[in-house]
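Here is the structure we will look at.
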Amino acid sequence: MKTSDQTGSSETITSDEMRALEQAAIASGRVTGLELMERAGKGVVEAIFEEWPELVKDKRRAVVLCGPGNNGGDGFVVARLLEKAGWGVETFLYGDAKKLPPDARVNYELWLGRGGVSKIEVCYSYRWASHPVVVDALFGIGMNRPLPDELRNILMATLNCRRVAVDIPSYVSSDTGDLMCPWPHYTGQNQLTVTFHRPKAGHVMADGAQVCGKVVVKDIGL
Ligand SMILES: NC(=O)C1=CN([C@@H]2O[C@H](COP(=O)(O)OP(=O)(O)OC[C@H]3O[C@@H](n4cnc5c(N)ncnc54)[C@H](O)[C@@H]3O)[C@@H](O)[C@H]2O)[C@H](O)CC1
Ligand SMILES: [K+]
């Protein structure tokens, strides 16, 4: 597993340490959660074009799978920035938009100004081959229980696409690298994982070291 680190250190941190850093930066007034989310989404889009430069010129199609928390919020930022770059973007939300945390809700609303959001159930019968990029923004460091079967099945159907995990694939524990659902171990190919500030243990340990594929660490100014 390669980590290309733009922040100068590949030392891993825990999800608690990451949350504490984010909260301290926000509490200091140096930055807002919304600014951190925008930087995270921008970092994901940068990493996509760095990893697959051939995608820069064409107007491509992407699917963004957004979850009920701030990882989903990052996904709505990615959707907006790709659409602004001329891509055709479809977003799907797992959960209730009305229950999104504030920063994610802002980015959900911002995205609504540019495109629709479908319920994740629509993905159950999706033809994925026509989408070169699928962004997994379902769960990040807040994942705290096994992935529901219906979400696992959707992610399994995307194995042949260029897959981009926001922060961490939604079936990997960010603190242990354990798989949070039955998942084939060989699936690191055409998988890009874009995380923020520092790699997490889940990117370099246990099964996470395989299934995270190429891990890129983006600085979000913490
Ligand atoms: N804090 C910030 O300002 C920033 C956060 N970033 C991104 O945010 C995520 C962490 O967001 P958080 O809301 O804490 O957690 P998640 O989005 O990962 O998910 C929480 C959400 O999902 C529910 N949940 C957890 N596990 C499951 C499951 N297995 N099945 C169903 N539902 C589940 C849980 O109850 C919550 O509702 C971080 O990874 C970053 O991507 C920004 O990057 C920077 C700013
Ligand atoms: K994710």
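Cβ coordinates are placed from backbone N, Cα and C, and glycine is handled just like the others.
Predicted, not measured: the structure shown is a model, and the values here were computed from it.
Summarised as a single figure, the pLDDT of the domain 'YjeF N-terminal' (18-222) averages 94. Annotation comment: TrEMBL describes 18-222 as domain 'YjeF N-terminal'.
Annotation comment: TrEMBL describes N70, N71, G72, G73, D74, G140, I141, G142, M143, N144, R145, P146, D167 as (6S)-NADPHX binding site. Under the three-state DSSP scheme, G72 ((6S)-NADPHX binding site) falls in the helix class. Residues near G72 ((6S)-NADPHX binding site) in space but far in sequence (CB under 8 A, at least 6 apart, same chain), listed by position: C66, L93, Y94, G95, L100, A104, Y108, A137, L138.
Neighbour count (other Cβ atoms within 10 Å of the Cβ, all protein chains): 25 for N71 (K(+) binding site). For N71, D136, S170, the entry in TrEMBL reads K(+) binding site.
Secondary structure at D136 (K(+) binding site), as computed by DSSP, is strand. For the (6S)-NADPHX site, whose binding residues are given in the record as N70, N71, G72, G73, D74, G140, I141, G142, M143, N144, R145, P146, D167, the maximum C-alpha distance rounds to 21 Å. Rounded to a whole number, the distance between the Cα atoms of D167 ((6S)-NADPHX binding site) and N71 (K(+) binding site) is 8 Å.
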